Every structure is written in structure tokens, then in C-alpha cells.
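If you look up TrEMBL, you'll see 2-151, 158-322 marked as domain 'Cation/H+ exchanger transmembrane'. Taken from TrEMBL, the feature transmembrane segment applies to 31-48, 60-82, 94-116, 128-150, 170-194, 239-264, 271-291, 303-325. TrEMBL lists 381-520 with the feature domain 'Cation/H(+) antiporter central'. Taken from TrEMBL, the feature domain 'Cation/H(+) antiporter C-terminal' applies to 523-670.
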Amino acid sequence: GGILLGPSALGRSERFLQAVFPPKSQTVLDTLANLGLIFFMFLVGLELDPKSLRQTGKKALGIAIAGISLPFALGIGSSFLLRETISKGVDSTSFLVFMGVALSITAFPVLARILAELKLLTADVGRMAMSAAAVNDVAAWILLALAVALSGSGEPVEETYVCATLAAVLAAGFITDAIGIHAMFGAFVVGVLVPKEGPFANALVEKVEDLVSGIFLPLYFVSSGLKTNIATIQGLQSWGLLALVILTACLGKIVGTFVVSLSFKVPLREALALGILMNTKGLVELIVLNIGKDRKVLNDQVFAIMILMAVVTTFMTTPLVMAVYKPARRARVADYKHRTVERKNSKAQFRILACFHSARNIPSTINLLEALRGIQKSEGLCVYALHLMELSERSSAILMVHKARRNGLPFWNRGRQSNPNHIVVAFEAFQQLSRVSVRPMTAISSMSDMHEDICTTAESKRAAIIILPFHKHQRLDGSLETTRSDFRWVNQRVLKHAPCSVGILIDRGLGGTTQVSASNVSYTITVLFFGGRDDREALACGARMAEHPGISFIVIRFLLAADAIGNTVSVDMAGNASMDEEVLSEFKLKTSRNGSVRYEERLVRNTAETIAVIREVSRCNLLLVGRMPDGELALALSTRSDCLELGPVGSLLTSLEFSTASVLIIQQYSDRVFMNLASELEEDSPDKGSDLSN
């Protein structure tokens, strides 16, 4: 945008420049732009955790060193050619360092955004790229400080603004500028020195980042664009030099990173993708070039060439990575056998992907997992706890990377990396008390494609069931209030694309607001069984819970009375009915000696009687229901459904008049295409203009 507004395009018109950017406005623009730069560097320092840099592995460190040293050397080499052609008379030493730094930089925040949008941020190649880029970033700042110190004695400072809340940042900028180093380094140091433990650093980021990234930094980009005049690149020689600089930048970064990655036995495609990713340029590149231009180290022509190099190398990153490295095309997991809770081999390891948005979801999720633990099976229970984080326009790149770097690590490997927060403590306690394998994971994506991360993770971890929190939470008066309607659409898309069974948990405080230890569990859990595959899956979940010594388990089977009246509709379900009978017979046989299990059959004649029975048996801690039960009774209830992702019975149970219990609505995985489900959810999707308040 800045380039288009500048002398390269619209700024060719003197009338336009005089009207939009008169000469007297340049000082104000540059002042605000540099003020934004100072606070941006404060944020960079604030988010930089020196501890995490010290924990960078040898592989990432080696890749980072190669990604700096070879481009730096090639940058110095190209500077000799530029000095002989279009940069005659500039100071040789500072020009060499500026060119070396400009070519060796990797734009850390830009790289984080590209990786997140390509779904690679939590993949091996993404974590390696970000670890290497973090080291590269710090090295680049050190080299830039050297270049600034070599290029002059500093400029006179006109500090007229006083920022009450961040006075230390401005003061530090003033001091470093006065001693001959750019003001941004003082702000950077203050940011690094701010303690990272506790909520203070996060609060500062929250308060400052919107102002800096939303108002000040765009001015810096505009200011840079206004200084860029592509018209200065004239003749074959200049365009040839542009091609040479682009080639040198790509060759140094890509080849250097590629060769060292191969030496660390990184797979060929990943090594090439790493090289391309490390070639990303961004704001840091602009800062280097602007300082070089301000210090008269770079003339207009070299500045324009370097700006175009940064634009080209960054624009080519995404398409090249997509062409070289396509993890989305991975083959389906070959040994993914247990995609449902219902299974022949009950001793096989039971894998759950438990998703949560915030700390509010944690206690009930853990208490549900404790109930599902059952007794000690031969291979036990394995839980993948997936923290769903939205990739918003203002997501802090470095904070995202700190979370992604720890993705999938066992808790005992994370204790020394940072102070564990309450979420980590909760799952760690559950792991130790219940002897269950728990793996924390993080999904960072936009709300529109968060379901892809959930489904991909479920498939890669071979989960039997995905547990999702309902998009509403319980208020103090017991009613349900929408947390965020976006999560409703995420749940619907997961139901549509899941590679395994799915459960949506309506949380009404299962076990209270804290984790309940195994010895203190005392729940009554009820299954409402109408028939069909989803109800059989709910029964399978309940059967597993019934093994827990602290759980009383009740199965209520609804049967249509022979003299049924009302608006029930005849449905042909002979196949499902025979399977239902077989499963129920097997269940009754297995639990016949278990005094905590009760099986009841209720004959009902119409919808009113069905609802009355549901209201009667719903006085418990947890209700298990199938999402789409079969039979005439369920079909009659379906007209009352206002949340299609919950199905008829689940929707009924969202109302306080029916139940105050938590509800787990379950959909069993089927290898058939859910055509009916897809069409139902399509009609109810936000794209169709449905009411978001549901």
C-alpha cells in the first residue's frame, strides 16, 4: 500500500502528493511511525523469553546459524558489486554490514502467520522453523545494532510526547538514541527485562498491541512505501542487479538451511520447506532498510531494489511451501481400527481427544474422563487434551510459537520451561492420580477451519471419540448462555467430517467446579435408549463408566406400547432393531452381577408420555443420549429440535424444565457418508443466515 501511494505509482502525480502527503506532513508521519516502531520493539522484547532461547535444540540452532552465516556472507559479496555500480562513495564497512543483515533476516511474525495458515505451526517442520527463526531474529537485532553503531553518531532527538503508562520505554529509547544507537533498542531492552512470569507481561501485550499494530505500524509501512521509488531502477544493469540480489537472498537462505537440515537427517521435503520458510522477510527487513536509508548508507536505488527483494521473497513463500510440502495430502492412517467406543475387543487401548476452549471447560471434562476410565484395562486410557486457540488478526506471533513449541510434550518435559498454569496443573493432577496417559496439545487456527485441526488430530492420534464442549455455558441461575456462537459452527463441522465418534458435552457442573478424585466419585449416570447406532454408542460409553466403583448406572429403554396413539409415525427399522436387541442382551449378561447397574423398559404411547418419562428419570449427574436415535418415538420428538447438532433428545435436555444434569450427546462414527447430516447442518450453517443466538 505504501509503495502504491509513493512515487512508484500514485505519487508520480505532484497534485496527488501535495494533496495527500504535503511536505509538512512528512515530519508528523515519520514521528508517529518511529513512535510505533519504538513500542513495537518493546512488545518484541516483552514477548521474548531468554529461557526458551537457551532451550533451543542443536538441530534448530545449527539450522539458524546456517540460515544467518551463508546469506550474510553472500550479502557482503553482493555489496562489493553494488558499490562498484550504483552505490559509489558510501561508507564501505557499514554498507557491508547492512547488506549482510538485510539478506540474513527471517521475519519471525510473518513466518508464524504463514505457518499457522498452512496448518504447519504445530507440525515438526513448523516447530523447527520457528525455533530457528527465533535464534535468527535475536542474531539479526545484534548485527543491526552493530551496523547502526558503525553508521554514525546518532541524530538529535526531539522528544515532545510523554507516555504516562510506558514512560520507561520512551526514556530508554531516548537514552539509547542519545548515545548513538537507535531508540528502538532501548525499548527492546526494557521489554526483555520485564518479568515474563505472572500476568503482567500478558496484560501489557493486551493493552499495547492493538494500538501499535492497528495504528502505528501501518504508518511505518506507509512511510517506508513513500520512500520507495521503483522508477529509480532503470536500465538493464539495475534490473539485473535486482535479479542478482533476489537470487543471492534465496540462494543463501534456502541452500544454507537445506544443506544443514539434511546433515541433521531432516527428510528431503521438510529440509527444502524449511529453507523456503526461513527466506521470509517482513517488518524487520523494513526497519533495517529504513535505518540504512536514514543514515545515508543506502541510496534511493539500492533501497528500492532491497524493498522489492523483500516483497518478492515473502510473496513466494506460501505457494512454494504448498508445492513442496503438503502434509494435508497424507494417506489415511492405515492401522486406525477403533473409531468408535463400541468394539469387539474391550481390552484395546481407549483413546479420547478431549477439546477445550478455556479453563471453564476443564473441571467437568476431567471428571468425565475419570468416569470413562472404568477399571484398569490391559492397555488403559490415553487422553489427548487439545486446547483450541483462535488465530485472530492480532494474535501475538511469539506467544503463539511458545505454545506451539510445547505442543504434544509430556507434562514432565514441560515443568522447567515455564511456570505451569492452572490448566496444566489440572491435567497433571489427573494424570498422576488416575494413572492415565495425558498428552497436552494445541490447535491454533481460525474459527472457519478449526474443525480441520480437530479432525486431523483425531485421525493422527487414532482417537475413538472426540469430546467437544457445547457452545453454551451454565449461568448462576442454571440457564444456559451462549459463550461464542462460532463454537457452534465448529461443533457442527466436526460432526460432519469427524474420522471417529463425537460427543458434545453440555456442562452443568459435572462433579462441581473442581476435579473429583477417583475415590470420591459418586455419580448417577443414565442412558436414554430409543434405538439405533448413536444410542448403541451411548450405551457403550455408559457400559465403560459402569465399571467405575463410584458410579451407579441406569439404562432406560423406551418402547412403543401396542395401543400407541397420537402422531407417532411408522418407521422401518428391522435391521437396527435386531442389532439393538443383540447389544442389549450382551450388556445385560455382562452386568447381571453388578449391583450398581439397573436396566428398565418403559412403555409409552405418545410424545407427551415420552417427555414425562424423560423428565422423571433425568434427576441424575449425567445423561447419555444418542444424537440421532431411531424409531417412531424419536421421530416424533424431532419436531422440537432447535439445535440440530444435538438431535431431538439432546435439544430437549438443554431446557432447565427437563433436567439440571450434564448431558453427553453422542454420534457414532460410520464409514457411510452422512448425507442427511450434511444437508441438515448445511441448512443450519451461518452461511445460510440462521439465527446466531441459538
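Keep in mind that glycine also has a Cβ here, set from the backbone N, Cα and C atoms.
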Item checked: Intrachain neighbours beyond the transmembrane segment (239-264), with Cβ under 8 angstroms and 6 or more residues off its ends -> 58-59, 62-63, 65-67, 69-75, 77-78, 81-82, 85-86, 103-104, 106, 132, 233, 270-272, 274-276, 278-279, 305-306, 308-309, 312-313
Checklist line | Intrachain residues whose Cβ lies under 8 Å of the transmembrane segment (94-116), provided they are six or more past its termini | finding: 67-69, 71-76, 78-79, 82-83, 87, 126, 129-130, 132-134, 136-137, 139-140, 143-144, 146-147, 150-151, 245, 248-249, 252-253, 277-285, 288-289, 292, 295, 297-298, 306, 314, 317-318, 321, 391, 395, 397-398, 400-401, 444-445
Notebook entry, point to check: Hey, which bits of the same chain come close to the transmembrane segment (60-82), Cβ under 8 Å, at least six residues off its ends?
Noted result: 95-96, 98-104, 106, 128, 131-136, 139-140, 143, 241, 244-245, 248-249, 251-253, 255-257, 259-261, 263-264, 274, 278, 302
Note to self: Under 8 Å for C-beta pairs, could you tell me which stretch among 128-150, 170-194, 271-291 has the largest tally with the transmembrane segment (31-48)?
What the structure shows: 170-194
Notebook entry, point to check: According to DSSP, how is the domain 'Cation/H(+) antiporter C-terminal' (523-670) divided among helix, strand and coil residues?
Noted result: 57 helix, 36 strand, 55 coil
Note to self: Quick check on the domain 'Cation/H+ exchanger transmembrane' (2-151): DSSP residue counts for helix, strand, coil, in that order please.
What the structure shows: 122 helix, 0 strand, 28 coil
Check: Across the domain 'Cation/H(+) antiporter central' (381-520), what is the average pLDDT of the model, as a whole number?
Finding: 76
Check: Counting only residues 6+ away from its ends, which parts of the chain sit with a Cβ under 8 Å from the transmembrane segment (128-150)?
Finding: 48, 52-53, 56-57, 59-61, 63-65, 67-68, 72, 91, 93-94, 97-98, 100-101, 104-106, 108, 111-112, 115, 120-121, 180-182, 185, 188, 257, 266, 270, 273-274, 277-278, 284, 287-288, 291-292, 295, 297, 398, 401, 404-405
